[in-house]
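Trainee: My questions all concern the structure below.
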């Protein structure tokens, strides 16, 4: 549903435009009077002598000043950063035709325009020097460094003109860059695009992960967060890369068009650009559909696993392809930007997309459309302030939309870090040396930090999100605001829920926002537990190297595990796939990306092996392990005890406890025959024999395969989550998770399952 761009719940009185014109005439008269009393050889303008405060002027008439919706306290940036007067350039703008008419009138009067867009809030640019005590109280104190020098004033008219030219120059550069990109990667009649390759299955699955987690396809960053590293464009552009760059460039051009006094005829060129984008999206959708049809018709060759055909982006319906859905959403947002340029009407989502594009252009180092080096620091500050205004208004307007709270919380923290860096206010200084920071600067930093903390707290309470980046940002805001109890909870949560606790703890240890808590007893205890894990990891690496040497010398057989007792494994496998739905057994695991399936289905992963599929299955498993940055911890022998070997390695760091693990599991099974699942079934109902004791006796024998029940028993006895990445062909059920009724151990047991007959032990890549 489309909304107007006016996010202020008041009617804008039309007399304000007239008031602005009256003020302009009054200023011209005063300027003439001042020039008569000054030396004619060194005239100074009236605007140059005014002290810009950013507040709404008090008029001498009966007109009511422009009122904003209620906002929390916000220190005025003008006393700190000497902003350029472009605040509120996205709200209540006149239609483009009226803007151009006003610009022509100003040019006829041989005067530079007093405002970029003729809109009500910009009347602050024509305000006179406040004379009343009340007006002086509205002006926040200024820092010593930024006190205006009345003897050498900076003429604001020149600033406005320079700012307009700056945006125009940036637009021209981005347009030239966009044209070159289109020529090199799209080509005439889309020839180059048609010849570009499709992303392979691994790349498509990576894209899908990013889309599911609301990440940028190329930078992998959340909206309104700062990227820690400089982004590097791909060496070879796939069709997906080309479309994303084309859409991002088009959005950047439309944003700059809105910020500059561009000729309306320039908008005609946008139509051709948008048509080209839509054509490429439709072409990609057709190619995906062809790949899907080929797969359904079983026409794929042995290289299928390296093709898009094997990716989860393909579904049974063309319109359900997640990449195409994403690109179509991007295209609709671009259409809104085009309408915004022409009519100033835009929806809440469109406005957020506008500000998100602008934020990326200013902060995305290495981003293809990066303009951060083209704008002055003061202008950048004002743009950031305007982004804040838009996001805040969106939150106030759409109170039920939690995603806007996350956006505002992330932006406020990012802006806090930018101001910190520019003013050399370290986090340690912010927390412990408050008296040494100028009062207005400290209030300004505190405002954005507090607002970030508040918005993220509200959002996490309303709709929790399984994104560790959000958790860490919120934890850091709690640290900087000395909310120690909350900081402790979220730091511990961030570390414990990480796949690799050691790496997560290293991130915490190196973060300056948390450094002042390093001496706290709870923090010391956390890091001690991590040090123990580090030592175990070193020992595991040493044992792994020794074992590899021994295995190379012994040249052990790589034959598969023997058949499980009974002659009906395949029938059992099919039956369990159909019937074993353990509702509620598996809770949503916040330990992995959203794409990792928090499955409520435990499958018996032991059908009869089919040798012709082994090679494809191995390649499929390797791609999945690489995608989630995992590797085999040790080479597990294929002697029928592979599941027990893998569990032994995960629990004790070596394979020497395999028999002990088997005995422990079987003992638990004997004692818990009637263990009830959440759906009311008992585990003894899921064996291939009516005699539970016979099943346990067979499972206790060396060389017999472990199954789904032994995994369940291991999870319950050891109190640990078990995560399994399988080589099964299904792209929706390859990640299986078993969560015990009571978690006693924070360590997650990571297993692989290869070619339907062999288990492996996994560890993170290092």
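Cβ coordinates come from backbone N, Cα and C, glycine included.
Owing to the predicted nature of the structure, the values given are computational and were not obtained by experimental measurement.
Here's the feature list from Swiss-Prot:
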REGION    129-159  region 'Disordered'
REGION    537-566  region 'Disordered'
COMPBIAS  550-561  compositional bias 'Low complexity'
DOMAIN    631-765  domain 'OTU'
ACT_SITE  639  active site
ACT_SITE  642  active site
ACT_SITE  758  active site
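Describe the structural surroundings of these features, if you would.
Mentor: DSSP assigns residue 639 (active site) to coil, not to a helix or a strand.
Other Cβ atoms within 10 Å of the Cβ of residue 642 (active site), summed over all protein chains shown, number 24.
DSSP assigns residue 758 (active site) to a strand. Counting every protein chain shown, the Cβ of residue 758 (active site) has 23 other Cβ atoms within 10 Å.
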Trainee: I'd like to know the mean pLDDT over the domain 'OTU' (631-765).
Mentor: 85
Trainee: Among all the protein chains here, how many other CB atoms are within 10 A of the CB of residue 639 (active site)?
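Mentor: That number is 17.
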Trainee: Per DSSP, what is the helix/strand/coil residue tally across the domain 'OTU' (631-765)?
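Mentor: Its residues divide into 48 helix, 28 strand, 59 coil.
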Trainee: How long is the line from the C-alpha of residue 642 (active site) to the C-alpha of residue 758 (active site), rounded to the nearest angstrom?
Mentor: 6
Trainee: At the Cα level, what's the spacing in Å between residue 758 (active site) and residue 639 (active site), rounded?
Mentor: 10
